[in-house]
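Input: a single structure, listed below in structure tokens.
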Amino acid sequence: MSSTGTTLSASEGDKGFRNGAAPAKSKSHSTIALLRLLAFAATLSAFVTMITNKQKITIGPFTRWSKWHYSDAFMWFVVANCIAFIYLLFAAILGLISHSPMLVKHLVILDLIVSYMLFSAASAATAVAYIGKNGISQPGWTAICGVFERYCHHVAGALVACFLGWLFLTIAVFLGMRRSPAAV
């Protein structure tokens, strides 16, 4: 007999079932997989938005372009989002297929590393976007977002998507650590 007064068979007790309730781990697996899929969608969105982002302006005989690969920070942003969305797709699938404690531990650690990478890339890109919007008066760097307005709006959208992806992944890390505290 259990402490609640119900009788559990050995197989039910081993699986964590009590009064017909499903174990909490399966709900946790699904929640973490959902968070990874949301992070996947957000980072894929940020990636696609940035690689398709360009704007051309013509002033008299001069034509100027603004493209994501003109900035090292934006290149890092694109690469980090690409790595993240590929990893997140595989991690979500693996997390649903296998519930091995060793795999769970490795995925939590990899989730943490990818979340750091996303935060690093998004922060660097945010700094460049800030300068593009506001400029810096001392070295004479002028703001370009008044001229390349559409380009700057796309960068802002990609940054929001990336930070959302980071948030979803960070929540997944916390849930994964709670589920498997020996992972970290």
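Each Cβ is built from the backbone N, Cα and C atoms, and glycine gets one as well.
Sequence annotations record features per position, and here Swiss-Prot assigns topological domain 'Cytoplasmic' to 1-30, 98-111, 176-184. Annotation comment: Swiss-Prot describes 52-76, 133-154 as topological domain 'Extracellular', evidence class sequence analysis. The transmembrane segment annotation in Swiss-Prot covers 31-51, 77-97, 112-132, 155-175.
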For the topological domain 'Cytoplasmic' (98-111), what are the DSSP-based totals of helix, strand and coil residues?
11 helix, 0 strand, 3 coil
Could you give the number of helix, strand and coil residues in the topological domain 'Extracellular' (52-76) as assigned by DSSP?
8 helix, 12 strand, 5 coil
